[in-house]
Amino acid sequence: MLLGKYSKLPLKIKIILPLLSVLIIIWALATITFGYFFSYNLESKLRSETEEVSSTVLESFERRKQLLFLKARWIAESTEVSQLVNKGDKLALTRYLLPLKESLQLDLIKIIDKNGVVLAYVRQGEIKQAKLNNQFLDEAASIGMDIFDVVTVSKNKHSVLVALTSVKSREEILGGVIIGKTINDKILAEIRAQTQPHLVILHDQKVTASTLEIAKENNWQLPPIKSRPILVNIGNKEFIAKSINVIGLNGNKAKIVLLNSVTPLRENQQQLWIYIIIFSVIGTTIFSITVTKLTNLVTRRIIYLNNATQKLAGGDFSARIKITDNDEISILAKSFNYMAEQVSLLLDKQKEANKKLEEYNQNLENTVQNRTYELKQKNSELKNILQELQRTQAQMIQGEKMSSLGQMIAGIAHEINNPVSFVYGNIVPAINYAKDLLNLIELYQKHYPEPDQEIQDEIQAIDLDYVRNDFMKLLNSMAIGSERIHKIVLSLRNFSRLDEDGFKRVDIHEGIDNTLMILQNRLKLQSDHPEIKIVKEYSSLPLVDCYPGQLNQVFMNLFVNAIDALDEYNLQRTPEEIKANASYIKISTEVNNDEWVMIRITDNGPGISDKIKPKLFDPFFTTKEVGKGTGLGLSISYQIIVDKHSGKLNCYSKEGKGTEFVVEIPINQ
């Protein structure tokens, strides 16, 4: 494939490209090798410097320990200290040591007598609240040993430089003095003044002091002891790290990590690569210009031949090439001139033939265009007729279905209403009669407290007191049930006006409530789906001229679609999500400009995608499964509102944000 593309390139590029490619490859390999070799040497040098500095740091710690030991000797050889230790005067000894602690810049002074009793213990700084509990150190002080080393304070996890020496009198060893200096950030900064790398002190993998603030704030990989310096990352910055141990008394270890920043190295490497790139670009440019000029000398005559060929191809048949040499290109030029002569003769003949062919084509094109226009007209008419037939068929099917539904509902309501009327009309007198009978029984019991034995037995058998209390509850529950049945029958009768003709002035709220009554079973809580709450925000509306049955049909379609959408949405949600955001349908009404009634039906379902919204009111369009929807509901609703009532039906929805249908109809038709 690459050979095919290469074969299509201009000759100049074919000559330049291989030469330039070879140069770039060789140059790139050489510069990359040099760059990486130089970078590796710089990094190796930085590692070696870090390795060398580690010895310097240890020597600095040794010098500080020796200086601390000299201070301990100076305190121990003080006459006042010897006398106070010999007396065991703790208070005086503490008073004497306090100014020494400040003047000698010590964080710890501890004096122990030969019996191991602590006579004085003063401390400050980071170890002020911590105790130096080192049994070996205390025992060594009590017997007058001379020691200087590193110990750790367990509570604050601080490393402390300590020096220990004996307090003597002329006759005997009286005890020992221990002094200490905390290894903190300030001490490390003084040591670092003699070296380049940052210093970090750690105890139990925890930073106790550091000259690098980010080393305290970030977790980072510690280099192993006795290993060569390694590269570590701290807070998105790179360092060459080297670990060394400062071994204290009883094997206690304080780890010192040297961190040498790689940032200057990276900057030098970056600067090196910039110089390499600039040098490479300049070299490549010079080589490209040289090769291009040499190639132009070879390709100039070929380009001249190519230009003449393009003129010939563009229709200039007088184009000829001047022949001055007798090489291969000159032979090619002679062939070109001969070809141009032959093409010129052939084109003259072709022009005559094309003229006749154009006349035939024009006549045929006019005929085809006329026939095509007629076919388009016929197709457009047939399409409109088909759409009208589909719309009419859908209206007839839905109208017949709703008419049958209205007749069935009216029949059911009538059949239920007759027996219910008997119960509903007689329940109130029955309650009154029951009250009279119960009052009569109370009067009998009041005036004849001791009836015959047979009556008493019957009273006990029927549990008269329970019957008296429960009888009225039964009658009241029957009254409530009959009242509910009466309302349902009334709603069915009102909804059954689907097949009534002609405009009527009706209460819109009554039609909405009747429709909701029919759908009550789908709204309440059931085992297979949660409750859908109905929120009503009714305004005061006047009576509206409309087809009440058809308007109820619109409400039914909109409510059913909302319920279906919420049920499907709830199947995709967990019980916790449903509880946190319960399903609801909100119905609000208002008067707009004193001429229109506006009904908003809003749900908090999944919403409608932008892809589906343009097709909502198309006949037979549905997103439901086969057998669950015909795709006629919204189409017929749109026709009822817009065509029959001169109103508006709009849908506002965002996917995942719920859906709102707005119905607007004029108050007066």
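Backbone N, Cα and C define each Cβ position, glycine as well.
According to TrEMBL, the transmembrane segment annotation covers 15-38, 272-291. Marked as domain 'HAMP' by TrEMBL: 296-348. Summarising the annotation, TrEMBL assigns coiled coil to 343-395. Annotated domain 'Histidine kinase' per TrEMBL: 411-669, in sequence order.
Mean pLDDT across the domain 'HAMP' (296-348) comes to 72 in this model. Per DSSP, the domain 'HAMP' (296-348) is made up of 39 helix, 0 strand, 14 coil.
Through the fold, the transmembrane segment (15-38) approaches residues 6, 9, 269, 272-273, 276, 279-280, 283-284, 287-288, 291-292, 295, 298-299 of its own chain, all at least 6 residues removed from its boundaries and within a Cβ separation under 8 Å.
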